[in-house]
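If you check Swiss-Prot, you get these features:
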- GLU278, ARG285, ARG301, GLU330, PHE370, ARG444, LYS450: ATP binding site (BINDING)
- LYS280: active site, N6-AMP-lysine intermediate (ACT_SITE)
Amino acid sequence: MQFAEFAARAAEIEAEPADLAVVSLLSDLFSDAGDDLPTVARFVQGRVFPAWDSTTLDIGPRLCHEAIARAAGPNVSADDVEDRLADRGEIGAVAASYDFGGQRGLAAFGSGEQDGLTVAEVDSELRALAAASGSGSEETKLKTLYGLFNRTDPDEARFLARLVLSEMRIGVGEGTVRDAVAEAFLVAPADAAAIRDDDADAETEAAARERRNEAIAAVARALQVSNDYGMVAGLARDEGEAGLDGVRLEVGRPVQAMLAQAGTAADALGEWGTAAVETKFDGARVQVHRDADGEVSLFSRNMEDVTDALPEVVEFVAGAVDDPVILDGEVVAMDDGGEPLPFQEILRRFRRKHDVDRMREEVRVELRAFDCLHAAGDDLLADPLAARHDRLTALLGDDSPAVSDLLLSDDPDEIAAYEADALDAGHEGIMLKNPDAPYSPGDRGKNWLKRKPDVETLDLVVTGAEWGEGRRAEFLGTFLLSARVEAESGDDAFETIGKVATGITDEELAELTDLLEPEIEREAGKEVDIRPSVVFEVGYEEIQTSPTYSSGYALRFPRFVTVREDKTAETADSLDRVERLADSQ
């Protein structure tokens with residue numbers, strides 16, 4: 001497939017506001033992609049590598065701007081590109097605004113055709129670029145990018161620039177790709193037509209939707225296990241549902257972590273009768289893989305390879321386990337007395353690439369495994385939680401401190417006592433899990449509940465925001481929050497404490513944009529400064545010290561609750577209150 005065709009189809013998808021129509025357009029693109037299908041399935045999400053692969057292009061905005069400037073001609077600098085970015089708001093629009101070398105040459109001679117880029121070429125060049133390292137690698141990357149941009153027309157440049165910076169954002173999420181793969185290769189054309197036909201009778205449409213949902217479920221199962229949209233798209237086309245059903249876990253290829261909702265013991269017991277209760281550690285999620293050759297790999301919650309940062313965990317697993325396994329758990333920081341240290345301490349170790357040996361002496365970490373997804377050739381995702389935990393215990397031993405305790409209880413008082421013990425030991429709280437539930441990668445359903453002590457919310461002033469992308473480009477989306485600093489003069493100042501984008505529906509985004517847009521004082525690209533006037537009530541899991549924000553604090557996992565229409569900026573929470581809450585944690 002020519003990259004120009006990919007760009008044209010991506011532009012068509014970006015311009016389409018209707019979700020079903022987007023799926024249809026994407027389905028057509030997949031059907032026409034030929035041998036490039038796996039690559040196209042990744043490109044539409046702004047990916048060059050599969051979701052499970054933590055390899056990155058390692059290209060910062062400045063390097064991309066330099067490449068665009070070089071392709072645009074000798075009179076254009078990276079600073080010029082950044083000036084246009086401030087005016088136009090996103091890198092794709094900036095790249096599309098220049099006439100690059102190849103296009104200038106064609107215009108000058110008025111004849112002939114430049115060899116167009118193909119999707120395969122772009123993929124190959126970007127993969128080679130990602131592999132560049134060591135002395136001179138930055139210049140190598142710059143030359144590669146220059147060579148690509150120099151062969152693009154404006155539409156191609158728009159989507160190449162976005163792809164390079166992983167900012168494709170054409171309104172295509174993982175669910176959209178899943179549905180489009182199903183529609184392209186598994187759903188009968190007659191069923192797809194019946195679903196879209198307003199005149200189809202109800203029975204025909206219902207039957208078509210049921211078959212479509214079954215096809216989508218088959219794609220979803222394969223994606224849960226593989227985390228590779230390109231591979232799954234190819235299997236769906238070439239082997240159908242039978243091929244998808246054959247996808248299995250692969251040691252060394254991480255899957256998305258199963259996630260939890262907030263909940264209570266009453267919720268758990270009311271739903272399941274008996275709950276599996278575990279300690280909720282104040283650590284970092286980690287997925288442990290040991291292959292048949294004894295090699296151990298560790299992956300973060302975001303599937304980033306963190307093996308080199310945690311050598312003591314690697315050593316423990318290598319010595320404790322003989323068979324290929326995939327485990328889920330957390331790594332926790334411990335003091336010399338075996339007491340847990342705060343989350344900030346584990347961050348000093350997690351993802352560290354340098355001075356690992358020195359930091360190992362300063363911050364000791366240990367594994368706390370709570371699930372087993374694969375053991376000795378057996379995929380265990382479909383097994384009940386209780387059975388998976390039994391397999392985990394058999395692997396690591398009944399008395400191993402690396403195995404998280406599991407209490408099966410239908411007694412609220414017993415669960416409350418377990419929670420009190422966990423809190424007294426310095427942990428975050430407890431997890432409540434359905435003992436009969438399978439492991440569902442990437443799912444934040446009702447089978448796992450996190451129960452932590454209630455924390456207060458904060459009423460914070462909105463002092464900035466960012467415009468969204470794609471179909472959300474007309475809405476403000478990420479909001480900068482500030483705490484009030486009381487001044488003797490009576491003219492309060494505001495110090496930043498974090499950003500919130502979680503817990504806000506599309507309808508609320510529209511309402512918040514209408515509320516805040518009149519208060520915009522300055523715009524620079526996507527970022528806007530907002531006059532302190534609107535107060536958000538914000539929930540959070542913890543207040544942390546942080547140099548990132550001017551207050552010296554940051555909210556861990558902030559979430560939007562509501563607009564405090566009864567409050568003004570002058571009556572919002574003060575930085576003094578933030579400090580008191582932080583001290584009381």
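Note: Cβ is positioned from N, Cα and C throughout, glycine not excepted.
Separating the Cα atoms of LYS450 (ATP binding site) and LYS280 (active site, N6-AMP-lysine intermediate) is a whole-number distance of 8 Å.
Neighbour count (other Cβ atoms within 10 Å of the Cβ, all protein chains): 15 for ARG301 (ATP binding site). In sequence order, PHE370, SER404, ASP405, LEU406, LEU407, ILE430, MET431, LYS433 make up the list of same-chain residues 6 or more apart from GLU278 (ATP binding site) whose Cβ falls under 8 Å from its Cβ. When the binding-site residues ARG285, ARG444 are compared by the number of other C-beta atoms lying within 10 angstroms of their own C-beta, ARG444 comes out lowest.
In three-state terms derived from DSSP, LYS450 (ATP binding site) belongs to an extended strand segment. Non-local neighbourhood of GLU330 (ATP binding site): PHE281, GLY283, ALA284, ARG285, VAL286, LEU367, ARG368, PHE370, each in the same chain, at least six residues away, with C-beta under 8 Å from its C-beta. LYS280 (active site, N6-AMP-lysine intermediate): 22 other CB atoms within 10 A of its CB, across all protein chains. Look at ARG301 (ATP binding site): DSSP puts it in coil. Secondary structure at ARG444 (ATP binding site), taken from DSSP and collapsed to helix, strand or coil, is coil. Ranking the binding-site residues PHE370, LYS450 by how many Cβ atoms sit within 10 Å of each one's Cβ puts PHE370 at the top.
When the Cα atoms are compared, LYS280 (active site, N6-AMP-lysine intermediate) and ARG444 (ATP binding site) turn out to be 16 Å apart.
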